[in-house]
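What TrEMBL records for this protein:
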- B:49-162: domain 'Ferric oxidoreductase' (DOMAIN)
- B:12-33: transmembrane segment (TRANSMEM)
- B:45-63: transmembrane segment (TRANSMEM)
- B:84-106: transmembrane segment (TRANSMEM)
- B:118-139: transmembrane segment (TRANSMEM)
- B:151-168: transmembrane segment (TRANSMEM)
- B:174-190: transmembrane segment (TRANSMEM)
């Protein structure tokens, strides 16, 4: 007979804080934090929305079948899933990092239409099922470097952007690829109110040069950590360009258009002195308001575990440097 | 009978201020060390300490207009405490920035203070608050005499610098910093006579 003598340090199931109690504590804390010191104001847009989103059922993700890309692994520690899905810049759902998770749970991704159009021989229209069935899915572990100088390591699931573009047979006159996020103010509170959406003109648009888009590292992601994407991370399909700052990796895409002229991009349009068209990760070119020489890696652990590490050119993906031969990357930042 | 604040009320008010300033501060750091402050505890701590410092400073600026308007001059007695807690939170903000954000990269700290306007103004405001906190004792007040008031008028400049620090630090969502600007200007508006006098005095000195 096996007798199990519990060690003093062993935790039993009944010691675990129930999730709802834990969440309640966090909510109380938020209120405390802002009211306790005599809040004159707490984040108005975000808070107002929180009250309503509390009864929302969490968005349902589903498991994906995929292979592991052997050349896209890493020995770096992965950022925990709950951090990847609760720390998001997706202003369509509010400007605070926690807003997208709080406000996006009822986001509807099925039905979905993604069109590939413009300077192509064979325009395409993909529906929701096509997104995960038309191409073989693989897992790629990429570093994600935000322009705000924090970073994560994320196991994405998806396929090459090149595969999608080639399927539409691009014309030789196509020089750029423009991307567009869904515009649906009914579902996206940030598009309905300028105050919630951070004063951005929607829909959010992004763009790559055609050779950047066709680079094997450029990826269309439909999942992370083995499951379909939650809305806060850009469900049902998003771009991932790991050598560029995170804002280039546009979320919840409905349109991809090949063009011969350089298309506008959202952050560049908002502040062209701060955010360039290229937005390649570059430790030598500071943001006008903060240094880009190093970054804080978001992993598990408390205040002392958020390590500051040096930022690498092209976020460590040196193989893309050929795309920018003879270009002054200080000028084209 | 008309309501009048008495010493005992002030005593209780001070206890409330102590508790509502200290408890959240300790609680937040406790959660931060235990990874219970969301995905990025560093950002969370920086925002919390920064915003709270600003809240407390604005509250301290609210004291004298309220005391005057409601004719409760004894209320002035809580002003120093609020100001000191504004400094405590600003100190926690600054230390968190050095310890958790920059992780003791001193060279980076110095270059950021010099090169980044929003850090420059934030740091200047912190220096002012430090100076004011150090000279907040009765002893310093007696020692400095008339200069004390001149020195402590710099709290208005600190307020403006903090509001700048805040609005320059955000990417595009300027709504909340803009509301704080409104609150600050509202509180400064009560001092317009004082500012007029100061400008007059300064002009006289120049002439």
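The chain as shown is numbered from 1 upward.
Cβ coordinates are placed from backbone N, Cα and C, and glycine is handled just like the others.
Note that the structure is predicted; figures quoted are calculated from it, not measured.
This prediction places the mean pLDDT of the domain 'Ferric oxidoreductase' (B:49-162) at 95. It is B:151-168 that, among the stretches B:12-33, B:118-139, B:151-168, forms the most Cβ pairs under 8 Å with the transmembrane segment (B:45-63). For the transmembrane segment (B:84-106), same-chain residues at least 6 beyond its ends with a Cβ under 8 Å from one of its own Cβ atoms are 17, 21, 25, 29, 41-42, 45-46, 49-50, 52-54, 56-57, 59-60, 112, 123, 125-126, 129-130, 132-133, 136. Under 8 Å from some Cβ of the transmembrane segment (B:174-190) lie the Cβ atoms of residues 54, 58, 61-62, 64-65, 156, 159-160, 163, 166-167, all in the same chain and six or more residues away from its ends. According to DSSP, the secondary structure content of the domain 'Ferric oxidoreductase' (B:49-162) in residues is 101 helix, 0 strand, 13 coil.
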